[in-house]
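To start, the structure under review is shown below, and the notes come after it.
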Amino acid sequence: MEPSTDQPGTSHSTTNPISDGSGENNGQFECNICLDTAKDAVISYCGHLFCWPCLHQWLETKPNRQECPVCKAGIGKDKVVPLYGRGSTNNQDPREKLPPRPQAQRPEAENRNPGFPGLNFGDGSFQMSFGIGAFPFGFFGTLFNINDGRPRPPPFGGAQYQDEQMLSRVFLWVAVILMFWLFFL
Amino acid sequence: MSSISVTRIQRELKDIKSECSGQNIKIELYNDEYTNLRGEIVGPPETPYHGGVFKLIIKIPESYPFNPPKVSFETKIWHPNISSVTGAICLDILKDQWAAALTLRTVLLSLQALLSDAEPDDPQDAVVARQFKENKRAFLKTAKFWAQHYAHAPGPVDKDCVEKLKKATEMGFFKDVSLEALSKYSWNLETAIQHLTN
């Protein structure tokens, strides 16, 4: 590459080197997006030169409209050719350099209410007893603060901590009163 | 401000200095942060805007050049695709047709082209667009008068316009408001005054 490409304003670049796609053929090797000398250069099938990081970001910005920023021809990761200059020690495909797109993830389907029988049994007395039986377990679950992705508890001694302690005591009393009411009335 | 947008604006300003001396457009920094720029375009010949100097407010988003700059007219202008009140512009390349290879220079050239070729079917200012379609003579007269009044376009000023504007201001209305009303009602003094008094 000639050193003069980095010095616009010399006699070398009297014509327009950028921005309308006509200037790439007069010895200029500037990326059409950052307007600097292209690094990790790739060229589109329509003949327009870009830095791969620049083009990658453009394609990410418009995921639904993958068009060449210069001429609006179709473009994509598989529709550009990497350029390797002489003497470049690193002949890695520039398209491999960027962190690849995060891969789609396939989380396991969450099985809600595993084996919950309540709705299948129309019989009221069963539901009633089930409700009573499950109540303390649910309660202990929250009391022992089983790690299920909720926000972390507030720091010990803070105002929020004290409030929460107070709330938890109130609910404990409500629960105790409810149990007494259920058993003895 | 991401570094790519700053380096690109620096680069563009440098190129504009060397290239655009004869193109009737100008761009300069408004603050030191490369987010706010001011542009100027000269009204193209064979239009009512001929010779007027129109100032533009250019705001560069952080994601430039992957997203378009925000451009609006600071100088008031009478044009179907530009709001006569706010200066907002309706131009596809400033919205969904933006491409990262476009530059501020090409945007300003496109705006110059928009002044030559209005798109009344895709209007920004409905009042102006209706006048453009239904009463072209009044439109040309108004656009030229606005260019002379706000953008210092050269040439002899329409005496009829000056007189009616004078009459409206003599009745105690502000100049800008009177001009807007007169323009809206195609220089019919009576309806304009009626509109102003209501």
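Using N, Cα and C of the backbone, Cβ positions are placed for all residues, glycine too.
The active site, glycyl thioester intermediate annotation in TrEMBL covers B:C90. Sequence annotations record features per position, and here TrEMBL assigns domain 'UBC core' to B:4-152. Annotated domain 'UBA' per TrEMBL: B:156-198, in sequence order.
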Neighbour count (Cβ, 10 Å) for B:C90 (active site, glycyl thioester intermediate):
18
What kind of secondary structure is B:C90 (active site, glycyl thioester intermediate) part of, going by DSSP in three states?
coil
Taking DSSP states H, G and I as helix and E and B as strand, how many residues of the domain 'UBA' (B:156-198) are helix, strand and coil?
31 helix, 0 strand, 12 coil
DSSP-derived helix, strand and coil totals, residue by residue, for the domain 'UBC core' (B:4-152):
60 helix, 27 strand, 62 coil
Calculate the per-residue pLDDT averaged over the domain 'UBC core' (B:4-152) and state the result as an integer.
93
